[in-house]
Structure formats: structure tokens, C-alpha cells
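*Asks:* The structure under discussion is supplied below as C-alpha cells; questions concerning it will follow.
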Amino acid sequence: SLLLQWNLVCEDDWKAPLTTSLFFVGVLIGSFISGQLSDRFGRKSILFLTMAVQTGFSFLQIFSTSWEMFTVLFLIVGMGQISNYVVAFILGTEILGKSVRIIFSTLGVCIFFAIGYMLLPLFAYFIRDWRMLLLALTVPGLFCIPLWWIIPESPRWLISQGRYKEAEVIIRKAAKINGVPAPAVIFDTVEMQDSKPQRQQKAILLDLFRTRNIATITIMSLLLWFFTSVGYFGLSLSTPNWHGNAYINCFLSAVIEVPAYVIAWLLLRSLPRRYSLSGTFFLGGGVVLFIQLVPADFNVLSIGLVMLGKFGITAAFSMLYVYNVELYPTLVRNMAVGATSTASRLGSIIAPYFVYLG
């Protein structure tokens, strides 16, 4: 393990949580810049660039000769990981229709995230050497290369840049695949002239505070992202400290996310976003607070409550992405999600130290 490789015990035990925190520092940086880069250079190009960064630097970690080298590479991996996650999420929501968008953002992205989460303790159980484990987790990134010729650029982003012909080609291709007749003219001359000034607009961070309404949305989003992240990563990273087998606990922590995402999807379909988000958020937070009152000998009850808390926090986390995306206009949407979710990265940086302090 990494702890034994570089003797991260006794007086050096502080390096273990710092390693995780530095990964989340990379996630913080990636969250901040990914939105601005993809708003400027396009969703597709930045998506594949950041996937290459994550895969390439994960592979380089295998050859780390010191803890310092490993953590620096880990930080860069964090930048690539969150960047391609956020950009892929935005690209999907901009390509898909409203009904399919909810399925994609809750059951699509999140369920596959949970599946990967479940596979992690299984890989770790059977591959005990950390270098070989890292290699096994890096190789699947190569399978994403053919997707370059399958995944299109976001038509909404192309339109916001005034690239109407490229957007029209993608829309017509999608219509043909879905068996829907496309109109003879998708963008007429008048519409193109009216939209042309938008091409010159470049979103900046200050646009998120430009008006009172947008500023209020931004501030509330920052708070929600921060507290949800502290709860989610605090519970996820604490699995080795739970009673019982660490691998089984990690697996159960991943399994509970599947029903959480399903319930989140159902709530988003049937209830207003605010009610769904606040309900799951209070469930997760309330249960975690109640755990402090459970006697230490009640191990099964404690783990059950932790699972329930993880269920609520996970559901809130998945709905927060959907809610946040729908609050902002196209021109600043990707930057807004990247910038506001930066607050969640601050929470994730702090979370390892909550676990470290017990």
C-alpha cells in the first residue's frame, strides 16, 4: 500500500490525509478552469483533452519514486478527472432533450459512477499491489479514444459562438438517426443576424454576480455545494473506520448510491426541484447528526444510519447538478456550474481531515 511504500505512519501519518486533500485541490482547480475553457474552446475538445490528462498522469503515477512525486501527479489527475466529468455532464445536458436529460444526469452519469465506485473495492481486494491496481484503473481510459468520432459538439455551444452551419449539420444528423424529419431551413437569415452579436460575448466570472437574481442564485449554489460535499466525502472516506471489513464497507457505501440515484430521478420527475433537494439534504444531514447519539456498541445500527445518511446526501448531490444547470443561461452555464461547484471542492479538501481527526 502507499502507507507502507513510503512509511506514512507515526510522525508522518499527516501525509495520508494530505495526499487525498491535494487530489481534491486538483479537483478544485479543475472545477474552476474547466467551465471557462469549455465555454471558450468547446465542450468536445476540452472533454477529450482532460480525459487524456487524467489517463496519462494516472499512468505516470505508477512510476512514482517518492511520496512528493506521487502527490504532485495525483493533483494533476484530480484536475483532469473533475474537468472531464463536469464537461461531459454539461455536454450531455445540452445535447439531450428535457425528458432524457433528467435520466442522463441522474440515472445515466450517476449510476455508472456508482458502478465504478462498486468495482473499486473489488479491484483493490484482488489486486493488493498499488502500482498494479493503478494500472488496472488506468487502462479503461484508452477505450474512450474511439468516442471522438461518435460524440458530437454541443449544438447550443456552436450556436452561441455563431457557428450555425456546424450546429445545423449535427441537428440534421440527430434528426436522421431518430427518424424525425428536419425542416428545410433550421436557421434563417433573420435569426442568424439577430443572434450574431452573441458571438462576440465572452462570459466572465463577474457575470455570475451581474444582477441581483443571478447573484442570489450563485451564493445559494456555493453554500449548497460546500455543505453537500463535506457530508458526501466525509462519509465516503470514513469507510475504513467503520466496524467490520473495510472492503465490504466501501462496497456497501457504493451500493447505497444506486437507490439514491433512482429515488433522485423519481423525485425530479414528480416534485419541484427545491422540495426534492431540500428533503434529501435534510434527511442526510439529520441522520448524520443523530448518529452522534447512538452508543458505540450498536455497530449495526450505526452502519445502518450511516448508509441512510449516505443515501440522502448522495441523492442531494445528484440533484444539485441538475438544479444548478437549469438555473443559468447557455452562455455562462458551463462556467457557472464549474465555478459554483468549486465550493464543493473546498468541502472535499477539508473532508479528509474530519476523518483523520475521527
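The backbone N, Cα and C atoms fix where each Cβ goes, glycine too.
From TrEMBL, for reference:
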- 1-358: domain 'Major facilitator superfamily (MFS) profile' (DOMAIN)
- 16-34: transmembrane segment (TRANSMEM)
- 46-63: transmembrane segment (TRANSMEM)
- 69-91: transmembrane segment (TRANSMEM)
- 103-127: transmembrane segment (TRANSMEM)
- 133-151: transmembrane segment (TRANSMEM)
- 214-234: transmembrane segment (TRANSMEM)
- 246-268: transmembrane segment (TRANSMEM)
- 275-294: transmembrane segment (TRANSMEM)
- 300-323: transmembrane segment (TRANSMEM)
*Asks:* Between the stretches 69-91, 133-151, 246-268, which wins on the count of C-beta pairs under 8 angstroms to the transmembrane segment (103-127)?
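*Replies:* By Cβ pairs under 8 Å, 246-268 leads among 69-91, 133-151, 246-268.
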*Asks:* The transmembrane segment (133-151): which same-chain residues, six or more beyond its ends, come within Cβ distance under 8 Å?
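*Replies:* Distant contacts of the transmembrane segment (133-151): 44, 47-48, 51, 54-55, 58-59, 61-62, 91, 120, 123-124, 127.
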*Asks:* Using a Cβ cut-off of under 8 Å, list the residues of the same chain at least 6 residues beyond the transmembrane segment (275-294) that approach it.
*Replies:* 224, 227-228, 231, 235, 263-264, 267-268, 301-302, 305-306, 308-316, 319-320, 323
*Asks:* What same-chain residues lie close to the transmembrane segment (46-63): Cβ under 8 Å, and 6 or more beyond its ends?
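*Replies:* Same-chain residues near the transmembrane segment (46-63) but 6 or more away: 30, 34, 37-38, 70, 73-74, 76-77, 79-81, 83-84, 87-88, 91, 131, 134-135, 137-138, 141-142, 144, 147-148, 151.
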